[in-house]
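Below is one structure. I have some questions about it.
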Amino acid sequence: MHYRTVLMYTEIGCFVACVCGWILVCSTMPTEYWTYSEVDSLVLTSSHYFSNLWKDCLSDSTGVSDCKEFPTLLALQTYIHLCRSLVITSILLGFVGSVLALVGMKCTKLGGSEIVNTRITFAAGITYVLSGFCGMFAYSWYGHKVISEFMDPNYKAKKFEPGVALFVGWGGSALLLVGGLVYSITAGNQACKSRY
């Protein structure tokens, strides 16, 4: 198999991995289970508390949920503001990376010359890496906050556990990081070879 064909298949694989990671990161925004907690009061009734970046919810054993959106921006804790902004930044950077990757890939003829396509592909890889870092930092900070409150014996308020959205976000961010790194490395190697 020729080097160009292997490079093209590598780019396609990285693109698919990064788009899947971007979709996973996007799916965490509306997901309500960033944190959850169960309270069993009696045998027949139990309550489930869960929350995300936008609201807190309570569900009883009958399946009825009552959600309350956060009332004001100024009363929110700093980590929620930071996680909101980082996840939105991750989503936007992932979209820009996808557009750049589509333009710069070997199997498309949109970027122009070979060296221009290589530079665009390198920019796509860096953008994907930045998107992955933003997402990973947001999910890790939120998860650290939840776990540290849960493990703290002096914390007397309601204790929560990490929800499914954090694990999905970690997986999506990891796909963005790995795909972006491979994109950047292959484009960087190709740029060095074409320069000499």
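Every residue gets a Cβ built from N, Cα and C, even glycine.
Reproduced below are the annotations present in TrEMBL:
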| type | residues | note |
| --- | --- | --- |
| TRANSMEM | 7-25 | transmembrane segment |
| TRANSMEM | 86-108 | transmembrane segment |
| TRANSMEM | 120-142 | transmembrane segment |
| TRANSMEM | 162-185 | transmembrane segment |
Residues of the same chain, at least six outside the transmembrane segment (86-108), with any C-beta under 8 angstroms of its C-beta?
4, 7-8, 11-12, 14-15, 18-19, 21-22, 25-26, 28-29, 53, 116-125, 127-128, 130-132, 134-135, 137-139, 169, 173, 176, 180, 183, 187
At a C-beta cut-off of under 8 Å, are there same-chain residues at least 6 beyond the transmembrane segment (162-185) that contact it? List them, or none.
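Distant Cβ neighbours of the transmembrane segment (162-185) are 10-11, 14-15, 17-18, 20-25, 27-28, 31-36, 50, 52, 87, 90, 94, 97, 101, 121-122, 124-133, 135-136, 138-140, 142-143, 146-147.
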